[in-house]
Amino acid sequence: MATIKEIKELLVTVKELESPIFLDLEKDNRSGVQKEISKRKRAIQAELDENLRLESMLSYEKELYKQGLTLIAGIDEVGRGPLAGPVVAAAVILPKNCKIKGLNDSKKIPKKKHLEIFQAVQDQALSIGIGIIDNQVIDQVNIYEATKLAMQEAISQLSPQPEHLLIDAMKLDLPISQTSIIKGDANSLSIAAASIVAKVTRDELMKEYDQQFPGYDFATNAGYGTAKHLEGLTKLGVTPIHRTSFEPVKSLVLGKKES
């Protein structure tokens, strides 16, 4: 009779729920064996579910594949809402039918998985571009226009250049055909890939700014208006990376000028 360890090693090789190996092992009454069978079945089902989820997130890409297009860039940004730091956009071209396990809207990926999935995108992407527009430009042109500039910069870095753009809720004035998708980072794998690249890139920048400007908790809040950030603003004032067109930073700057 096989040991439970041997059965466990055998089950790792099973890839289908209908495998005859399950039927054979289910005759074994040992609770440890039954536990391993259940565990492996759950793992196989999870893999099937994940594959279906990834498949559903390729629907926009597959429509474009049918038209003979393969160089499809997903575009997304991170950092529209913070009081400090840049807006960062990424453009990513994935290989045809590329599925990266765990890839999703960056807001839905557990923080501890960010770097792992970011690295998987880096490893598998055909091309990646990153656009960073700082707070001074944001204050000059407004955050909406700055976001467009960041996206255009990211796209300009792609080589080869894309045949079509899938963009998260935005239209760009570029001579490339494009599709604007509401909640694109949750509905397109290409946009989701751009989402995690932009997110990790910006988070790393904000960690560097946290070293440069301690007291605002930038490493944790990424420039968003958390209680610790607002406390830092009150105690320490405005830094060179704060967006002076955003409240409450704007009022703090005006108050300082008037005093």
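Using the three backbone atoms N, Cα and C, a Cβ is placed for every residue, glycine included.
Listed features, source Swiss-Prot:
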DOMAIN    70-258  domain 'RNase H type-2'
BINDING   Asp76, Glu77, Asp168  divalent metal cation binding site
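Counted within 10 Å of its Cβ, the other Cβ atoms near Glu77 (divalent metal cation binding site) come to 28, all protein chains included. Cβ-based crowding with a 10 Å cutoff singles out Asp76 as the top-ranked of the binding-site residues Asp76, Asp168. Residues Asp76, Glu77, Asp168 make up the record's divalent metal cation site, and a Cβ search at 8 Å around their centroid adds Ile75, Val78, Ala89, Ala90, Thr147, Met151, Ile167, Ala169, Met170, Gly184, Asp185, Ile191, Ala194, Ser195, Ala198 from the same chain. Glu77 (divalent metal cation binding site) carries a strand DSSP state (E or B).
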